[in-house]
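Contents: one structure, followed by commentary.
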Amino acid sequence: MRFSRIPPIFANVVRQTHYRNYANGVIKPREFNKVMVANRGEIAIRVFRALTELNKTSVAIYAEQDKNSMHRLKADEAYLVGKGLPPVAAYLTIDQIIETALKHNIDAIHPGYGFLSERSDFAAACQNAGIVFIGPSPDVMARMGDKVAARQAAIEAGVQVVPGTPGPITTADEAVEFAKQYGTPIILKAAYGGGGRGIRRVDKLEEVEEAFRRSYSEAQAAFGDGSLFVEKFVERPRHIEVQLLGDHHGNIVHLYERDCSVQRRHQKVVEIAPAPALPEGVREKILADALRLARHVGYQNAGTVEFLVDQKGNYYFIEVNARLQVEHTVTEEITGVDLVQAQIRIAEGKSLDDLKLSQETIQTTGSAIQCRVTTEDPAKGFQPDSGRIEVFRSGEGMGIRLDSASAFAGSVISPHYDSLMVKVIASARNHPNAAAKMIRALKKFRIRGVKTNIPFLLNVLRQPSFLDASVDTYFIDEHPELFQFKPSQNRAQKLLNYLGEVKVNGPTTPLATDLKPAVVSPPIPYIPAGAKPPTGLRDVLVQRGPTEFAKEVRSRPGCMITDTTFRDAHQSLLATRVRTYDMAAISPFVAQSFNGLFSLENWGGATFDVSMRFLHECPWERLQTLRKLIPNIPFQCLLRGANAMGYSNYPDNVIYKFCELAVKNGMDVFRVFDSLNYLPNLLVGMEAVGKAGGVVEAAIAYTGDVTDKSRDKYDLKYYLNLADQLVKAQAHILSIKDMAGVLKPEAAKLLIGALRDKFPDIPIHVHTHDTSGAGVAAMLECAKAGADVVDAAVDSMSGMTSQPSMGAIVASLQGTKHDTGLSLDDISKYSAYWESTRQLYAPFECATTMKSGNADVYKHEIPGGQYTNLQFQAFSLGLGPQFDEVKRMYREANLVLGDIIKVTPSSKIVGDLAQFMVQNNLTRETLVDRADDLSFPKSVVDFMQGNVGQPPYGFPEPLRTKVLRGKPKVDGRPGENAKPVDLDAVKVELEEKHGRTLSEEDVMSYSMFPTVFDEFETFRQQYGPVDKLPTRLFLTGLEIAEEVDVEIESGKTLAIQLLAEGKLNKRGEREVFFDLNGQMRSIFVVDKEASKEIVTRPRALPGVRGHIGAPMPGDVLELKIKEGDKVTKKQPLFVLSAMKMEMVIDSPIAGTVKAIHAPQGTKCSAGDLVVEVEP
């Protein structure tokens, strides 16, 4: 008799009669035709699959918020319930569910788990409507689904129980009285539901009342009834549960037990069947007691009896789950019994014998483990996450079963429901093998867009005590190492985010001109595969140390070359924008062909902060990368004495630590200079380098003209005296740093000749710029006068404000006693590569405004790199024709400051003052006259205070007094009395701020450039290793249909193609479509220009401790403060509710509530600003 064949007018009467007779055992029920699942998500789909296998029509219900959920689509039919109701409430509308079932001729309803699955009133409503409830009868549910009633039944059946309240309680006072009688710890549990909802352990009497309120609220929200019961807490138990099946003929069997001891907040995380290492005697008694209890109450259908087993083997009944369990899967895997099919067929009236299920035939084979993959962030206390799944790839293969619902790319994880995404079940011959399969499967998962607990699950599975099966419910609490995660790299998706950002919003690195990077592939000279670099000068340094290294340099015939192409050349010509990507590409050729170089300058100066600020790459990683590719040539960097890589003075311990780390990472030669030639600053840098084991190249910044007798400040005597002090300070190499290129050939001959005569044993190294056009001639004179090393840039990166041409110097010295030993053929190939590569940096090309050098540098003495910047600024402001005036004013500013040494940061001081004078139409005389009333640039004030150091000939007066107006002065070395930085404390603070383990190098970058580092770190976490992208794509992105291969590491290459860019949606976003490794992916990018019109909720700013945001998406359930309130640190501010979990958010600081941005009831996204506290 099928219900569907009965005319609708009589259907309800027949159904009621049928069900009553069925319940009383009078008639044998017939087969179902249509079965509804009153649930959602993966359990609904699990039941649908069973119905399909049994050739039955599956029917889904769904809430409005679940309109796009997969369970609605998987069913044969689906109907909306709870229209206009909150998301969870829709699945609790018994009347609407029954009405829908009657309307569509539903024969039976399967409740799944959660929601109404343990509500006896729902089972009764089904019965009254003539619909079969697939589960226990209403009276059994009322008794067993109610945990207190189930406890009483256990006592009646002779099963030992844990001390607890005799019935549900609804007031905190009752909980307090129980705690007083039995002592703490106690546990509060929801009386009408499970899944960890409404459960709290309480260790102190004074905490009972607040815990009761929270548990009651959670239970009310999850199950529609906040009643709780209280039990004495059993210490260190294992959580063992027994799976039961009972028919309507009085037969009952067990399907053995499961171990659910791995729990968090009383919610199961990992389940195992059968329970490993459970003593056989205990197992048999537990199974027998579970059957005894089930027979005592006349249990029907599927259910679970749960026990706590203590360390001595004593066990206590805790509850019955009168429904199917989430972890039923592991029992199915070890017994081969389809529990859901069995449920349905038992509800149809079949006996266990009909199903060929008897205790004797039910056996276990092997072991099974289930892991619940959830959208929770274990690094943040398992905060639920929600949002769009951008990427989903599962782990599969032999021994792996996946039960899921919303696990696919494009799926939106709602904040309204449970965070379970997919259940992964691994089965094998034994527990360790099952764990190995599970580890393999979880490692293959790729889920992007939402956080998951997979890293935590992997740590659990690898933990020795888990593998030894010696875990109890304290397992997670007692193993903090489970929360030590290796951050997910997520490189591919982050790079897509970057390319999408560039496509929608344009370059992330500001482009200096309208020129576009050329579409070129720079030619890389051929190198035989596996060829090892020949021996170079670095081998001497590594084997014999800095002192012997210096002797070796001095003893070698000829003049050696330092190649500045990797640093100062592009700093001068291309705004310091050359990326590691392009340096690394040519590095193997450099190692093979230029082993005769003295050094390769590739680090320091402006490159350090620019690499983070504009190129979004780590300067330390650049050093590490190049060191691996060029092991044979010494690396050279520019060290600003007490400024290190920065622009201000740092405490000494920062300088020393920086040098230590630089040497550790592969730096060899440190050109130590000071922007004022201030000896105390120089000595700090020299001592730090020497202590670290680096080569100390003490540099004297050159200015003026030693051949001009009228310029008596920086004469030959000045340089010889300073050089004498540096040599006495144990410099390994003496350097002349001509940063403006004002060292004329004749001056070079005089100065270098005098230094060589006075210091015959120390190597001399000369650096210059070719701004005047006389750089090659000057370097040739240096070589002839006794210089051991001169600086040059490869031909296509030389000239103008860069260094002189390497090819020109090498060719000019060939065949002489100063021969460099370098090959012009190799230089030609090297130059061809950089000529092509330079076109990629067209947006930063100085040649757009600068067409040649200019000998007027001998007057204004502007350093090479600064000259380029000043000229570009002038042209960009429409002052190109007045650039000569800008240069003239630079000279005036220098003179008014006392004719100082000009190199970063002192050159910036002169530049700032020059612009200030131009803007205010000042001359040298009027500046001094009006100084009392002018607001000078900060850099000028700092200089006058002595914060940069002491000029060789003192500060200009009365200008200094007028500028300072009583401000304090520093008379000695600025950093001498600076408090050491607690680098360990900084590391802890940074790791807390950025949420990952940071290196010593990261801490050092922050110590010198705190804001730049923070922004770089935030950028990299969002967009990944953009340094792996080819330069043109990094700067301007992909064109539609363009493809690119991106090697993210050796043997791992991403194939990326940009497919399309979507239209603007109502959230101000555009969807950008990519093909990644043959699979389509899409991301949503906020159109920053269009979104200016869209009102959004303010965001909590990272690093601002008074900004307290929503740590997860959810609703503001309760505000515990109001504006103007004084709050203490860790005082509760508000309660957030998400995924049926409540979280109390505390204040991280003491202060006053400045503003509440999200009133009670507000729906928040993760990171939305809720409360603002003013310290």
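Numbers run from 1 along the shown chain.
Just so it is clear, glycine is given a Cβ too, placed from its N, Cα and C backbone atoms.
What Swiss-Prot records for the divalent metal cation site is Asp568, His767, His769, and among Lys532, Lys728, Lys737, Lys817 the residue it adds there is Lys737. The annotation in Swiss-Prot ties Arg567, Asp568, Ala569, His570, Gln571, Thr904 to substrate, and of the candidates under consideration, Arg491, Arg640, Arg965, Arg973, the one tied to the same site is Arg640. Of the residues Lys147, Lys350, Lys356, Swiss-Prot puts just one in the ATP site with Glu231, His266: Lys147. Thr904 (substrate binding site) falls within neither a helix nor a strand when secondary structure is assigned with DSSP, and so counts as coil.
Take Lys147, Glu231, His266, the residues named in the record as contacts for ATP: the widest Cα to Cα gap among them comes to 16 Å. For His769 (divalent metal cation binding site), the nearest of the binding-site residues by C-alpha distance turns out to be Asp568; the candidates were Lys147, His266, Arg567, Asp568, His570. Averaged across the domain 'Biotin carboxylation' (31-481), pLDDT in this predicted model comes to 93. Of the recorded residues, Arg640 (substrate binding site) and Lys147 (ATP binding site) place their C-alpha atoms 73 Å from one another. In the three-state DSSP assignment, the secondary structure recorded for Arg640 (substrate binding site) is coil. Each residue contributes its Cα atom, and for Ala569 (substrate binding site) and Arg323 (active site) those atoms are 74 Å apart. Non-local contacts of Arg323 (active site) by the CB criterion (under 8 A, 6+ apart in sequence, same chain) comprise Pro111, Gly112, Tyr113, Ser117, Glu118, Gly135, Gly145, Ala302, Gly303. Separating the Cα atoms of Asp568 (substrate binding site) and Glu231 (ATP binding site) is a whole-number distance of 73 Å. Within 10 Å of the C-beta of Glu231 (ATP binding site) there are 24 other C-beta atoms, taking all protein chains into account. Local packing around the Cβ, expressed as the count of other Cβ atoms within 10 angstroms, is greatest for His767 among the binding-site residues Arg640, His767.
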